[in-house]
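Undergrad: One structure follows; several queries about it will come next.
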Amino acid sequence: MAQRPLSPHLSIWKWGPAMLVSILHRATGDAMALVGLPILLWWLAALASGPEAYAFFANLANSWVGYIVLVGISWSFFNHFASGIRHFVMDIGAGYAVDSNNRWSVLTTVSGFVLTAAFWAVIVLR
Amino acid sequence: MGNGTPIGRVRGLGSAHHGAEHWLQQRYTAAGNLIVVGYLVFSILLLPDMSYATVREWMAGLVPPVMIALLIVSVFWHARLGLQVLVEDYVHHRGARFGALLTLNLAAFSGAAFGLFCLARIVMNIETEAALQSAMAAAAAASAASQGGGM
């Protein structure tokens, strides 16, 4: 085979906000599917099995490992939620101009963190 | 049927007529997730705590178990579609890809069925306990009345 240049020139690129949003959207969605859903099922199974099973789940959830996992899942949700809204906007054909795309990409990523912080602030302070 | 170049073969096969189906279902379930997961998030924020008693009392309501049932269906469906894309993008070996998609389908349907079954058991447990408590209260009242009448 003749050595022809590859498109879209895999070695020539630089980081942009849209790349980060795209990667995080996939990563957080897959994390929720592979980690979040088993935990959701565990929570429901514990609730169905009785107080002892629920206490076992609650003890793990209240440990520091449990908090790391739950904060991670909640951030995954809020990030995926924000970038999902961005997808809906782009689905109607809006937001493709470079300036506004970059601006909304940054805002999407930031709002994922802000919503996660607000969620846990309400839980901790109530 | 074309039998020359790959593109010719594709053109020969023509369209399967559901090219946008996966994409659309991902959007439909995303809109559903917005509602049902949003409901779960606000419920968690509005409940005083997440203890066994509190969550069971919440589940005894009419709306919460229905919303969680819808959540299980919508979220597992959406997750199945999303993980399918992950497999299609990164698993290149045809046999391994088929195996991964087969496993994914079984896991998604099993997970959703398990979740719905757990939910049914939670609701039945609550109903049974309430029925038992009212029967015991009625029996206690009846025995108190008969003792009072005997004296």
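Count begins at 1; order follows the chain as displayed.
Cβ atoms are placed via backbone N, Cα and C, with glycine included.
Caution: TrEMBL annotation is automatic and unverified by curators.
In case it's useful when we look at the structure, here is the feature table from TrEMBL:
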type     : residues  : note
TRANSMEM : A:23-44   : transmembrane segment
TRANSMEM : A:56-78   : transmembrane segment
TRANSMEM : A:104-125 : transmembrane segment
Undergrad: Are there residues at least 6 beyond the ends of the transmembrane segment (A:23-44) whose Cβ is under 8 Å from a Cβ of it, and what are they?
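TA: Sequence-remote neighbours of the transmembrane segment (A:23-44) are 57, 69, 72-73, 75-77, 79-80, 83-84, 87, 109, 112.
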Undergrad: Sequence-remote contacts (6 or more beyond its ends) of the transmembrane segment (A:104-125), Cβ cut-off under 8 Å?
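TA: Result: 16-18, 20-21, 24, 71, 74-75, 78-83, 85-86, 89, 95.
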